[in-house]
Amino acid sequence: MKKLLLSSVIIIIGFTFIGRLSYLQLFRFSPDQTLEDPAIKAIYDYPERGYIYDRNGELLVGNQAAYDVMVIPREVKPLDTLEFCGLLGIDKPTFLQKMKRARTYSPRLPSVLVPQLSKEDYARLQEKMRHFKGFYIQKRSLRYYATNSAANVLGYISEVGEWDLKNNPYYRAGELKGRTGIEQQYEEVLRGRKGVKFIQKDRFNRDIGPYKDGKLDTLPEQGKEIHITLDKALQEYGERLMQGKRGGIVALDPKSGEILAMISGPTYDPALLVGRERSKNYNKLHYDTISKPTWDRSILAEPSPGSPFKTLNALVGLQEGVIDPTTKFRCYNGFYVGNVKRGCHCGGGVRDMNSGIYQSCNAYFAGTFRKIYGKYATTDEGMDVWEKHMRSFGLGGYLGTDLPTGRPGRIPNKAYYDRAYGDNRWASSFIISNSIGQGEVAATPLQLANMTAAIANHGYFYTPHVIKNIGNTGGIDPKYTEPHYTTIDRKHFEPVIQGMANVYKYGTAKWIQIPGVEIAGKTGTVENFVRVNGERMQLTDHSIFVAFAPIENPQIALAVYIENGYYGARYAGHIASLLIEKYIKGEITRKDLEKRMLEKTLEHEYAKPYSGEPFKINEYVW
Amino acid sequence: MSGRGLFGRLDWLTVFLYLLLVLIGWVNIYSTTLSDPNVSIFDFSTLYGKQLFFAGLALLGVILVLFIETNFFERFASIFYIICMVLLLGLFVFGKTIAGATSWYDLGFFNLQPSELAKVATALALAKFLSDIQTDLKLWKHQLYALIIILVPVLLILPQPDPGSALIYFSLFFVLFREGFPLFYLGILLFIIVLFATTLMFGTVWVAIGLVILTVLVYTFKKASLKIPLIPVIGTIILSVLFSLSVNFVYENVFEQRHRDRFALWLGLEKDESKLEEIRKTIGYNTYQSEKAIESGGFFGKGFLEGTRTKGDFVPEQHTDYIFSSVGEEWGFMGTVSVILLFTIFFLRLVQLAERQKNGFNRMYGYGVISILVFHYFINIGMVIGLLPTIGVPLPFFSYGGSGLIFFTMLLFIFLKLDSNRLKDGV
C-alpha cells in the first residue's frame with residue numbers, strides 16, 4: 001500500500017489532467033473561434049457595387065458618394081458647439097440629443113452623428129474638421145439612379161438584417177445587400193467580394209502586425225457591371241402613360257425572350273429609397289395598402305386573362321382537329337349552357353374563326369371548347385389534354401424569369417375541380433367560362449406577354465428574362481437561350497394570327513391602328529368582383545390587351561393590364577398601341593391619342609368603392 | 001567498481017526524459033517571449049537566450065554533482081540544511097523584493113532564491129534523519145522531529161510571503177508515509193479539505209445531512225462481522241459539524257476578499273454573471289485567459305509560433321508560471337497530453353528507481369525528490385487549466401527562471417548520482 005501510494009497519486013493526477021484538457025480542448029473548442037478571438041481583428045475592404053445598364057448601354061444605376069459625420073464620444077474635446085452646428089446644418093438641441101445617443105451606444109465606438117451629407121456640405125465641413133477632435137467624416141457609397149423608372153425591376157439595397165446574418169455567413173452587421181428586383185437576383189455579381197485583412201492584436205488592442213503574415217488575407221473582388229434587357233426610353237415612356245392608372249405592362253422581344261419593359265402602376269422613383277429620407281419614404285410606400293406601389297403588378301397580379309385567352313382555345317381546337325378555320329358556329333347574341341343563356345357582344349350571326357377572333361365572339365369559343373372536350377370519352381381526359389396544351393404556353397406555373405418574385409397564375413386541372421365540385425360531379429359545361437378567359441384561369445401580365453410572344457413566333461418562346469450580359473465577358477444562364485416549343489403545330493398559327501391582325505383592321509381595335517405597322521392583337525374585358533369591407537361588389541371591368549408587331553417579323557410582343565379600365569381597347573389597347581409605335585418607330589405620330597392617355601387617370605374609378613356611396617360601373621363616357 | 005566510468009551507471013532513460021522536458025520547455029519559452037524572429041537564439045538579452053544560458057549553468061551543476069563523492073550528500077546533509085535555514089533567515093535583512101515577495105538575494109548577475117536551495121537541503125536532511133538506524137516513526141517524538149524538519153522552512157518562507165513555495169514542503173509528507181508515518185493522518189487531512197470545500201459549496205446543513213446519510217449507509221451495507229463502534233463515529237460527526245460551522249466563520253472573517261474571490265472562482269460559488277465577469281477581469285484574469293488560450297488550441301493546436309493569444313500576450317506570466325498554456329494553444333490537445341504523459345512516465349520511472357535502492361537514505365531522498373517535483377507539476381498545471389486556485393509555483397524544467405531550472409536539475413541529479421552508486425555501498 002505505502003509503496004503504491006505515490007505511483008497511484010501520479011497516475012490519478014495524469015488522468016485528471018487529461019480529463020480536464022479533453023473538456024477544454026475537445027468539448028469546449030469550437031472551430032470558428034478565429035472570429036471571436038480577441039487577438040485577431042478582421043478589417044474589411046468593400047469593393048464598389050457594379051453598375052446597371054439598359055439594353056442600349058444607357059446607365060440605369062450607378063454609385064454616388066455620401067459622407068457621414070461620425071463621432072467617438074470619448075475622444076471629443078470641448079468645442080464651439082454653435083459653429084459646429086452651423087456647419088452641420090442642425091440646431092443645438094438636436095446636436096446634444098444625438099451626442100447623448102452616441103454616448104449611450106458606446107463611448108469608445110464610432111456612431112453616426114449626421115448621415116449622408118451632400119457634396120456641398122461636405123466640402124464646407126472638410127476644411128474645418130480638424131478643429132473638432134473626436135469627429136471625422138466617413139465616406140460611404142450609395143446607389144445613384146440615372147432614371148426615375150423601373151423601381152420594382154431594379155430593386156433596392158439595404159442593410160442586412162438578423163435573418164441574413166444567421167443564414168448567410170458572408171454578411172457582417174451593417175453591410176448592404178440587394179432587396180427585391182435585379183439588386184437581389186444578381187446580388188453576388190453586383191456586390192463582388194469584399195477583401196479581408198486579419199490583424200494580430202495584443203491585449204491592449206494594439207496592432208502588432210498581420211495575422212499569419214497575411215496568408216489568410218484576401219483582396220476585394222470588384223463588383224461586375226451588368227446590362228439588362230430593359231429599354232430605358234420605352235420603360236420611362238410606359239411609366240408616364242401609366243400615371244394615374246393601376247396595372248401592369250410587360251413587353252418582350254419575342255425573338256429572344258428579353259423583357260423590354262416591365263411596368264407596374266402606380267410606381268415610385270427608385271431614388272426615394274436612397275439617402276436621408278429613405279426610411280420615411282419606405283414606410284410611406286410599404287404601408288400604402290390601397291394602391292400598393294411596391295407590389296409589382298406586372299409579375300404579381302393574376303387577373304383572369306379574358307378574351308386574349310380565346311386565341312389559345314382556337315389553337316387547341318385546331319391542333320386537336322375538332323375545328324378548322326372554316327368551321328362555323330352561330331351566335332344568338334350569346335350561347336346556352338343548358339337553359340341558361342350567356343351573353344355575347346359580337347353582334348350575333350354566323351361566325352368562323354377569323355370573325356370569331358376579331359369580333360371576340362363568346363359563342364364561337366364556347367362551341368370550340370365543347371368540341372375539344374367532346375373529342376374525348378370523359379371530361380377528365382379532355383381536361384388533361386387541354387391543360388397540357390395550355391401549360392406548354394408557360395401558363396399555370398412559374399416561368400423561371402430571373403426576378404426574385406413572381407406568381408404562377410392558374411390553369412385549372414381535374415384535381416382542382418374535383419376539389420371544388422367532388423369527383424365526377426362536374427362536366428365541361430361547368431368550366432365553359434374558361435373558353436373565354438374568364439372562370440378559373442388566371443395569368444400574370446408577364447405570362448400573357450409570353451403567350452403572345454409564342455403566338456408571334458408560331459409556336460415557341462424563350463423564357464422571359466431581364467439579364468442581357470454580365471461584366472464584359474457576357475455569359476448568361478443558358479436556360480434563357482433555349483427555345484421552349486408549345487404543343488401546337490406551326491401551321492395552325494397562321495389563321496389565328498390572321499384573326500388577330502383583323503382585330504386591328506375590322507375588329508375591336510380598329511380605332512387604334514398604327515399607320516404603317518402591321519399589328520396583331522387581341523382585346524380583353526374582364527369582369528371583376530372584389531370584397532370591400534366584407535361586402536362583395538362588382539367593379540368596372542379590367543381592361544386587357546395583348547399584341548405583337550410587326551406581324552411578319554415580330555420585334556415586340558406585349559401585354560397590358562389596366563385595373564378597372566373597362567373594355568380592352570379603351571385603356572389597355574391605347575397604351576399598347578402607343579408603346580408599340582414608340583418602340584418600332586421611336587416617336588409618336590398620333591399626338592392626340594398620346595395626349596389623351598397621358599392626361600386621363602382612373603383615380604375616380606379607384607375611389608368609387610371607398611366613397612361609401614352607391615356608384616355605377618362600366619360607364620361608357622370617358 | 002565496474003569499469004564503465006562515471007557516466008556509465010547513470011540511468012540514461014531518466015536523463016533522456018529530463019532533457020526532453022527541458023527542450024520542450026525551452027521551445028515554449030522561445031515562443032512566448034519571441035518578439036523579433038531575426039534575433040539569434042543565443043542572444044542573451046532575450047529571455048529565451050537567458051534560459052539557454054541557465055541551461056548551460058545547470059549542466060555545469062550536473063557535472064559538479066556527478067564528480068562529488070557519493071557519501072558527501074549524506075554526510076553533510078545536516079550542515080547543508082542549517083546553512084539553508086540561515087540563508088532563509090537572512091532574507092529578512094538582506095532580501096531583495098521582486099513582485100511583492102522578499103525571496104531573493106541579489107548576486108548581481110543572478111537573483112538567488114534560497115527557498116529553491118532549501119528544498120534540496122530539506123529533502124536531504126529528512127532522508128538523513130529518517131534513515132538513521134535509531135529513528136522509528138511509530139514514536140510520537142520522532143514523528144514530531146520529522147515534522148519540525150519540514151515545518152521550519154515553511155515558517156521561514158511563509159512571511160516572505162511566498163505561500164506557493166511553502167506549500168511545496170508539505171509534499172515531503174509522502175516520504176513520511178512511505179517510511180511508515182500512519183496513513184491515518186493523510187485521511188484526516190483529506191477529510192478536512194473535503195469538509196472545507198463542501199461547506200463552502202453547500203453549507204453546513206447539507207454537509208451534516210450528508211454525513212448522517214453516509215454513516216447510515218455504511219452501517220446498512222457493512223458486513224455483519226465488521227464491528228464499528230458507534231460512539232467515535234458520532235463524535236466524528238459532531239466534530240465535523242463544528243468544524244463546518246467554523247469554516248464559514250473563518251471564511252468570512254479571517255480570509256481577505258482576494259482569497260474569497262479565488263475560492264469563489266475555483267469552487268464555482270459565484271453564480272451572478274456580472275460579478276463573475278468582474279472576478280474574471282481581476283483575480284481570475286490569469287486563469288480565465290489561460291483556460292481560453294488552451295481551449296482555443298483545439299485538438300491540433302495553432303502551430304508553433306502561431307498562437308494568437310500567446311503572441312498578443314493575453315496570458316500574463318506566460319513564460320513562467322503559465323507556460324503550459326502556450327503548449328495548449330500552439331500544440332493543442334496532442335501537445336498537452338504528450339507533455340502530461342511524458343511527466344507521468346518520468347515520475348513513474350523515478351519511483352521505480354527509488355524503490356530499487358538498497359540504501360534507505362537513497363530511497364528516502366529519492367522519494368523527497370519525486371514528491372517535490374510532482375507537487376510542483378500538480379499545483380502548476382492544475383492552476384493553469386483551472387482546476388486549482390491560483391498559487392504561484394513554477395512547472396519543473398519548463399518555466400522560465402534560472403534558480404528553478406538549476407535547482408530542479410541539481411535535486412534530480414543528486415538522486416541520479418546516488419542511484420548510480422547504489423550497488424557499491426548497498427548494505
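Note: Cβ is positioned from N, Cα and C throughout, glycine not excepted.
In TrEMBL this protein carries:
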- B:12-31: transmembrane segment (TRANSMEM)
- B:51-68: transmembrane segment (TRANSMEM)
- B:80-105: transmembrane segment (TRANSMEM)
- B:142-159: transmembrane segment (TRANSMEM)
- B:166-194: transmembrane segment (TRANSMEM)
- B:200-221: transmembrane segment (TRANSMEM)
- B:228-251: transmembrane segment (TRANSMEM)
- B:331-352: transmembrane segment (TRANSMEM)
- B:364-391: transmembrane segment (TRANSMEM)
- B:397-416: transmembrane segment (TRANSMEM)
State the residues, same chain only, that lie 6 or more residues beyond the ends of the transmembrane segment (B:228-251) and have a CB under 8 A from a CB inside it; answer 'none' if no residue qualifies. 191-192, 195-196, 199-200, 204, 207-208, 211-212, 215, 218-219, 222, 260, 263
Give me the stretch from B:142-159, B:331-352, B:397-416 with the greatest number of Cβ pairs under 8 Å to the transmembrane segment (B:80-105). B:142-159
Feature contact check the transmembrane segment (B:142-159) with the transmembrane segment (B:364-391), CB under 8 Å, 3 or more pairs: no
Applying the under-8 angstroms CB criterion, which one of B:12-31, B:51-68, B:166-194, B:200-221, B:331-352 scores highest with the transmembrane segment (B:142-159)? B:166-194
If you count CB pairs under 8 A between the transmembrane segment (B:51-68) and each of B:12-31, B:166-194, B:200-221, B:331-352, the winner is B:12-31
Under 8 Å between C-beta atoms and at least six residues away from its ends: which parts of the chain pack against the transmembrane segment (B:397-416)? 10-11, 14-15, 18, 21-22, 24-25, 28-29, 33, 47, 50-51, 54-55, 57-58, 61-62, 65-66, 73, 110-113, 116-117, 119-120, 123-124, 319-321, 323-324, 350, 353-354, 362, 365-366, 369, 372-373, 380
